[in-house]
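Asker: A single structure is presented below for examination.
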């Protein structure tokens, strides 16, 4: 959904950190995206290719790690991966779950020279 | 999305460590927004104002609900409204005619409000004399759900004319909402909207939320809605030291 603005923030982060660390060419950026963000890898890649032009990230590889949703039922404490859009607990059937994993959105690292 | 470069620099200095040519960053890309949201919530808490982020499709009746709510709460609670639209100040003007302080934010095309935009609007609000602040988000069921504005609760609207599929098609916001207001219930006899089926599906998507079946035109359900708002503002006044989200509860 916000692939362009997410990648914009990613590039700002990497460019800033590259400058601080004396890196003039970034070769790889590792991004971790939770399923809950609904960010599409193709759209992220597209935005990355466009927005890195004329930056130290130009031509760098974008590695995307997607984290699946993991929920914990507030009723019976069971942890589960939801199927489709329903967040019903497979144990007790109640739909009242807290997010354990899948809401991540961060640059894990970048590589450069 | 606006990015605060100074914050960025600060964060990367704190978390960045050099390991040969691999730089570990590990920072959230929505960090700038999240930081501003925390500031907004602290300001609201300091003034003992409960903030409600109202999210729905365009045309589902957010402004009309707020006009009616202002009417019903007049003399009981003091409310303020921050209104987000791509263009025009029409909604803020409508709300001001209902006797409520309103600040309009024009996003000039952006599909959601950010914490920074709301933070600037809060500077224009008489927070010290408010009980509830509504943030009428840009009409959109997708993007607004992803941006914390510093609110205490999110409330979703679903109008009868939109059909019952919206919660299943756009579960994100209905899952996060402490309450969903079903609006335009006076039109139920003229549509194929299956209310019991809709309520059943909403329970499956988010069993912890409150659901209010309302009509701003007939007044149906608005008493329950206002009662819930009263509980939010009165019984659950946010502690000064921390924000946190209300997750529904059993009343209403």
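Each Cβ is built from the backbone N, Cα and C atoms, and glycine gets one as well.
According to TrEMBL, the protein has these features:
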{"type": "BINDING", "residues": "A:2", "note": "Ni(2+) binding site"}
{"type": "BINDING", "residues": "A:73, A:76, A:89, A:92", "note": "Zn(2+) binding site"}
Asker: Quick check on the binding-site residues A:73, A:76: which one has the highest count of other Cβ atoms within 10 Å of its Cβ?
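Answerer: Output for this query is A:73.
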Asker: Could you say which of the binding-site residues A:89, A:92 has its Cβ with the most other Cβ atoms inside 10 Å?
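Answerer: That would be A:89, with the highest Cβ count within 10 Å.
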Asker: How would DSSP class residue A:73 (Zn(2+) binding site) in three states?
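Answerer: DSSP call for residue A:73 (Zn(2+) binding site): strand.
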Asker: Using Cβ atoms only, which of the binding-site residues A:73, A:76, A:89, A:92 are under 8 Å from chain B?
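Answerer: Nothing passes the 8 Å Cβ test.
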Asker: Round to a whole number and give the Cα-to-Cα distance in Å for the pair the residue listed as 'Ni(2+) binding site' and residue A:76 (Zn(2+) binding site).
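Answerer: Checking the Cα atoms of the residue listed as 'Ni(2+) binding site' and residue A:76 (Zn(2+) binding site) gives a distance of 35 Å.
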Asker: Within 10 Å of the Cβ of the residue listed as 'Ni(2+) binding site', how many other Cβ atoms are there?
Answerer: 24
